[in-house]
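Noted in TrEMBL for the protein shown:
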- 25-153: domain 'BAH' (DOMAIN)
- 190-242: domain 'PHD-type' (DOMAIN)
- 247-289: region 'Disordered' (REGION)
- 332-353: region 'Disordered' (REGION)
- 496-515: region 'Disordered' (REGION)
- 503-515: compositional bias 'Polar residues' (COMPBIAS)
- 581-649: region 'Disordered' (REGION)
- 587-603: compositional bias 'Low complexity' (COMPBIAS)
- 708-832: domain 'PHD-type' (DOMAIN)
Amino acid sequence: MASDSRESSSANIQIKRTVLLKSGVEVKVNDHVYVSPSWSTREGTPYSIGRIMEFLRPEGSSSSFDFDALPYTRVRLAWYYRPRDVSDRPAGDSRLLLAAIYSEICDINQVRAKCFVVHRNKISDLAGWKKRPDRFYFVRLFDPYLKKEFEIVQTTDVTNVPEHVRNTLVERYEYVAAEKEVVPDLTDALRVCDTCIVWCANLESVQCDRCKKYFHMHCVQPPLQAKPSRGYGWTCAPCSRRHEEEVDSRAAVRHATPVTAKPPLKSNAPAPRGRGRPRKDRTQAEKEENFPVKHFRLWPFRYFGQYTLVGDTLDPEDLIFPRAATRVGPKYQVTGIPDNGSPHLGPDEERGGDKTVEVLGAVNDFTPAEMSEMEACLRTITNDEKSRSSVDFLTEVVRQFSDATLNGKSLSSVTYKTLNTPRIEKWKAQPTRHYTDKEWSREEIVAFEDAIAVHGAELRAVRDEVVVRSIYEVVRFYGHWKNSKLGEENERIRTYGRPSTPIPSIQSNSKPDGLNNCQTIGLDDDESSIIVPPSKAPACGACRTRDSKIWWKAPKGLQSNILCDSCGVNYRKYADLNMRPTRDESTPAVGVVPSGSGQGSVTRGRPNGSGSTTAEKREGTPLVGPASKRSKTASSVTSTPPPPSSNVPQLSCCACSRNGPVGKVIKCKNCGFSVHAASIGTTLSADKLDDWRCDLCENEEEQEASIYHDCLLCPRPRGTAHIRSGSYLRACKVTESHGWAHVLCSVFTPEINFTDSSTMRSVEGITSIPHKRWITQCVICQQKGGAVIKCNDCYKEYHASCAWNQGHTFGFEIQPVRHRVDTTSEHCLKSSSFQVKGTRKETHITTMFRGEPGCMNAIVSCKGHDHSRRQIYEICDTDDGGESALQVYCRAYKQVPPQVNQTHALLRKARRLDQLIAVRPEHALTNNTSSEDLECVKCLTQFTPKFYHTESGWMCHACNFKPPTNHDVPIVTPDKSQSPTMQPDSMLVSAPDVLVN
């Protein structure tokens, strides 16, 4: 950018032309414009917005004799970003922009139209400003290199700086950019050291907690080496001494901390008005549009934040770009000495001695006799003139001659063999190889030059083309090859002279007028974006209207490839298809009719049902409002709501069957499984989207868990099981026993928890599911063996995976806490706890989703039930923060409790197993019953780890859990006098004496 500024400096002193758009509007320096290439080149993206910094003539024409007659062909633009360009967060305001200290030179014919961009503090009526077309505003600055946003403050509001620095800022710039945490310090009152009466910088000063005075850290006694840590305060010596006297006199009084009210942010906005008709102050609007802004070297702002030295801002050459913390210091650099390296550096030697310094230029101290000897030895080493003039050869020769002189050796000891012998250098773990590479063949040079023509200076890509050479050889050869090309060019210039620079051709649509000194610019691209309407009435891809005088091309991802005039212009200018139509104050809007989705759409002169034209919109009424307050003369045409606009490829989620942009919907590169990232607890950066693999595919390579992917909560599959990549059941998580469980089954089974609910890793609690749920038959698959769940609206019980395949309803419901919670619900029992302290007050874990607070319950209901009167959120439904309903539920109710999570996972599993096999006092054996008297009624064995009491009698562990067969098993009725009395279906865990040795 700096080089481009020097390039164009000569053009600024020449005769300037008047630049007109095709519409006849004049554009000047510092005007804001829409900029965009042709539709096919930009691939359907909206217009960009920039500020004209300067107009430039053809490149390389500054030395032309008729320079003044040349028209402008280029323009330097300072770009603005839209919030959605730099972040995935949904942007609710399409008029909000992000400023940037970043400029580019573009073709002047890419300028489309004029717009207005001002700072928020310069706007008196923001709502009225946004209602007007082509109006934008900004409040923050985005740096594309640091990927960080900064607050923008007016220079007149910066008060906590020295007076001469503040005057310089106010004189040069209109705004300064700083970090959010630095803005309060900049806008505070001037801070002066109480000792030296000099301004206190924030990083070099401390504030007394009692008297609220500021001091330099080097002005206090003793000087402070660092500022107090976060959460700690500091008091000056007089305040500390006064506090000690108060404590000693036992009359210490607790002084209230004075609270200094911060002055309100300065703004030129008038006092708030009451409700009523909007104000029509055209003079104020024109004043805001043409507000004068100071520029210094083409920029209205500079960085003045945490990492700025205040004194450097006085230098006109100081960089104005945002900067980050330095990377100098032990945190980023090695301060220790490596173990391997030069043999001269021993563990007992200190750095900086004679043996730790490598002398490369000892030849400078040679006597004339030694210089003659060195020249003679150099001729004996090689006679190749090319090698003797090589930089690598001479560097190695000088190093070995110097080393031989320092070690008392003869110069003749340096030979061609020693030059090619690998040697060990300081601070290098591996020996340095030969100083020269093997000669490149003609075929290798041709392949190298072809790769350079394709990839440029990307030498790693060049190395892939030149297979036989390493990257180090390619880098070294690139330097020699580039120097040889420059040498050939310099030789041609010395022989034939410098060639004359041809004047570049001028675009035919840039037409200068020699008489009026004017120039008309713009692309003939409107015709390529406007579509001739077909014979059949088309439908807009956003608002679904069929009435429009002009049809525009639509971006990819919509239901149709065309947009109406209103949606087409709104998309190109504001990048928002859902934006309500704007109306200019000079031409009132007509034909505003409500749509079925509650958003307004514009029809121009469209007749209503009675044959009369629609009435004009009454001035002062909102464009979009309740149906009862709209004009009753306009007929409503039912239309589908517009789909979300997207300029990125769309992927279909297998959980909700809805499309979403790449990033929100991720796709496995191995199996093609695509799902919303929020529905499986995955967070990816933009550079890892293409390399993402699902948990099952990743385990196939790493094999950290079981290679059998059967869900432990589902019945065992019959035959070879294969999970389709197009099903949500492909989403599985590892259990604590290194098995697998469906995300769906884990979330909707009440007893299951996650070690980390944010990523849904490590499923826990499978052993805590009651035994009855394992042996209950599923009403869908008619199988036993998996943990069933119960429908929330009927008595049916089924597996979660079977219910999903059957199309049942899965979702989440917010139940208000002010109503009595149904404590019979398993999910409510999961999310509620009871405090028994003499009262019957119940406490519940509450959360909030989409602004609705309450107790969140996981709902599984048969597809035949009516859910029209209930608000059930689907799995992939997200709130304003981008968090899905499934994530909110897991974070509130599926996380292992903190007091339990502090223990190890194996210990938690052991405690659950202990509870499973724990001896219940009420089921203990009676005194007259011993383990030797117990016998299984089926297999008649007396040897088993545990006995279970059933209706038929005592059973061993194997028979109790053995599936029933069709044939009858003879039942032996035990002696009731020797068996304890227990309730049916209860389990008896024998004491240690029951175990048979």
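Keep in mind that glycine also has a Cβ here, set from the backbone N, Cα and C atoms.
All TrEMBL annotations are machine predictions without curation.
Taken as a whole, the domain 'PHD-type' (708-832) shows an average pLDDT of 81 in this prediction. Assigned with DSSP, the residues of the domain 'BAH' (25-153) fall into helix, strand and coil as follows: 23 helix, 59 strand, 47 coil.
Note: the domain 'PHD-type' (190-242) comprises 9 helix, 9 strand, 35 coil (DSSP; helix = H, G, I, strand = E, B). As a summary of secondary structure, the domain 'PHD-type' (708-832) carries 30 helix, 28 strand, 67 coil according to DSSP.
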